[in-house]
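Colleague: Sharing a structure here in structure tokens format.
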Amino acid sequence: MPVTFALLLLLGQATADPCYDPQGRPQFCLPPVTQLAAVAASCPQACALSPGNHLGARETCNGSLTLALGGPFLLTSVSLRFCTPGPPALILSAAWASGGPWRLLWHRPAWPGALGGPERVTFHSTPGPKATVAASHLRVEFGGQAGLAAAGLRGRCQCHGHAARCAARARPPRCHCRHHTTGPGCESCRPSHRDWPWRPATPRHPHPCLPCSCNQHARRCRFNSELFRLSGGRSGGVCERCRHHTAGRHCHYCQPGFWRDPSQPIFSRRACRACQCHPIGATGGTCNQTSGQCTCKLGVTGLTCNRCGPGYQQSRSPRMPCQRIPEATTTLATTPGAYSSDPQCQNYCNMSDTRVHMSLRRYCQQDHVLRAQVLASEAAGPAWQRLAVRVLAVYKQRAQPVRRGDQDAWVPRADLTCGCLRLQPGTDYLLLGSAVGDPDPTRLILDRHGLALPWRPRWARPLKRLQQEERAGGCRGVRAPTPSPRPEH
């Protein structure tokens with residue numbers, strides 16, 4: 001039993017990690033001191049005798065030795081042995097990289113006296129973990145009469161307090177990094193642990209690298225110093241390459257085209273589900289991030305915009321898949337005679353019949369001249385009605401160009417109530433939009449200042465001729481009529 005206990009104790013000591021305390025918390029650690037370099041040579045005659053000196057006095061000679069360590073190390077001691085007693089003046093210099101700059105470590109003047117100084121000289125850096133002599137090259141300069149017989153260097157790998165083991169003979173030397181650091185000298189954080197800036201460990205604080213909060217959707221992140229400052233020094237990591245259709249600094253919301261499934265936790269691979277919007281009934285492939293509701297076209301309803309709403313029926317148009325069901329005896333606007341007794345409608349409309357003489361002046365005063373077909377209508381607030389129209393031809397453009405195809409037009413509710421515009425679904429109209437007032441540049445507006453006349457094929461040629469005259473400059477100098485107010489929308 002005592003033998004078994006001793007073996008378990010030794011095994012526990014061998015497997016203990018010096019970079020973590022018994023509770024598993026990070027702590028400052030250093031690799032062991034090892035022999036970095038050793039140089040030995042025979043002792044030749046340091047300096048030749050001067051031929052003119054019968055007393056045999058020696059001349060002063062100088063020498064230097066540069067050692068390349070193969071990587072950065074923390075030097076702990078430098079031992080020098082000379083061929084004869086009385087070593088010369090010594091200068092030790094260290095450089096962090098090849099080519100310098102060199103930093104003076106130790107300077108020893110020549111020993112006075114005939115016998116000289118000691119045969120061996122040893123330089124020690126600050127003992128313990130506070131050793132600060134970091135170098136990859138060491139230079140020894142000496143002058144005088146003695147020659148250098150041997151030199152030895154001892155030190156440890158530069159791991160910045162984040163490793164207790166090191167492959168010192170590797171080139172460059174590689175530390176077995178802990179505290180979620182990486183690099184030959186543990187000089188940076190792992191790609192997934194960059195929520196705090198990298199710092200070297202100290203005996204008072206190990207400064208481990210902390211993981212970024214990516215909800216298990218990213219394997220790497222980057223450190224942002226500005227976010228770290230704004231957070232009061234709490235967090236500065238930004239997740240990169242979010243997976244599983246997530247996005248954001250912490251991969252905490254879904255990409256466009258996906259929505260958050262509340263039945264799954266945020267760190268689940270199935271936290272984001274595809275919107276599955278209908279390709280014809282929806283305006284696009286995106287949906288609400290919370291509910292998954294797609295943005296439907298006019299008259300279309302459903303979570304994925306896959307059916308027509310109440311009062312609408314399916315059509316064959318991919319751009320307007322649902323049309324309002326027409327009523328048997330009514331149109332979109334009521335005839336003027338039905339409301340002729342309303343005092344507000346008296347002299348309100350532009351009372352013109354279908355016999356319109358389109359002169360060049362009147363053509364130029366219009367905001368737009370279009371041939372369009374009315375498809376459907378729905379209320380858009382208390383003062384406006386939105387019409388779905390299909391523009392078939394454009395004879396006069398607005399300041400904001402009108403394109404051919406399906407789009408929306410806006411009509412004041414009062415103009416329809418008083419019968420200023422007579423519109424029937426499925427019928428082609430010549431739409432004359434007056435430039436009176438200040439039309440919304442982003443919307444196609446039809447009101448009482450313009451006309452909506454049932455289209456007649458014989459109008460096409462005269463309108464083409466007026467269009468050519470406008471392009472030739474025929475509308476220059478023609479002013480629009482006096483403005484009048486429109487309802488707010």
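Cβ coordinates come from backbone N, Cα and C, glycine included.
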Colleague: Of the ranges 190-209, 470-489, which one does Swiss-Prot flag as region 'Disordered'?
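Modeller: It is 470-489 that Swiss-Prot describes as region 'Disordered'.
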Colleague: From the set Asn62, Asn350, which residue is assigned the annotation N-linked glycosylation site by Swiss-Prot?
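Modeller: Cross-referencing Asn62, Asn350 with Swiss-Prot, N-linked glycosylation site lands on Asn62.
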Colleague: Between Cys277, Cys287, Cys420, which residue forms the disulfide that Swiss-Prot gives for Cys349?
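Modeller: So the cysteine paired with Cys349 in Swiss-Prot is Cys420.
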Colleague: Going by Swiss-Prot, which one of Cys272, Cys287 is joined to Cys275 by a disulfide bond?
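Modeller: In Swiss-Prot, Cys275 forms its disulfide bond with Cys287.
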Colleague: So if I measure Cβ to Cβ from Cys157 (disulfide bond) and keep only same-chain residues at least 6 apart in sequence, which ones fall under 8 Å?
Modeller: Pro31, Gly71, Pro72, Phe73, Leu74, Ala163, Cys166, Ala168, Pro173, Cys175, Gly185
Colleague: In sequence order, which residues at least six apart in the same chain have a CB under 8 Å from the CB of Cys275 (disulfide bond)?
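Modeller: Same-chain residues close to Cys275 (disulfide bond) (Cβ under 8 Å, separated by 6 or more) are Gly257, Phe258, Trp259, Gly285, Thr286, Cys287, Gly292, Cys294, Thr304.
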Colleague: Quick check on the disulfide-bonded residues: of Cys221, Cys239, Cys294, Cys418, whose CB has the lowest count of neighbouring CB atoms inside 10 Å?
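Modeller: Taking Cys221, Cys239, Cys294, Cys418 as the disulfide-bonded residues, the minimal 10 Å Cβ count falls on Cys418.
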Colleague: Pop the Cα-Cα gap between Cys221 (disulfide bond) and Cys239 (disulfide bond) into the table, whole Å please.
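Modeller: One finds 4 Å between the Cα atoms of these residues.
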Colleague: Around Cys277 (disulfide bond), which of the listed disulfide-bonded residues (Cys177, Cys242, Cys254, Cys364) come within 10 Å, judging by Cα atoms?
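Modeller: For Cys277 (disulfide bond), the disulfide-bonded residues whose Cα atoms are within 10 Å come to none.
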Colleague: Could you round the CA separation between Cys221 (disulfide bond) and Cys475 (disulfide bond) to a whole angstrom and send it over?
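Modeller: Checking the Cα atoms of Cys221 (disulfide bond) and Cys475 (disulfide bond) gives a distance of 62 Å.
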Colleague: Provide, as an integer number of angstrom, the distance between the C-alpha atoms of Cys186 (disulfide bond) and Cys214 (disulfide bond).
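Modeller: Each residue's Cα considered, Cys186 (disulfide bond) and Cys214 (disulfide bond) end up 23 Å apart.
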Colleague: Checking the disulfide-bonded residues Cys177, Cys418, Cys475, which are within 10 Å of Cys159 (disulfide bond) at the Cα level?
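Modeller: Passing the 10 Å Cα cut: Cys177.
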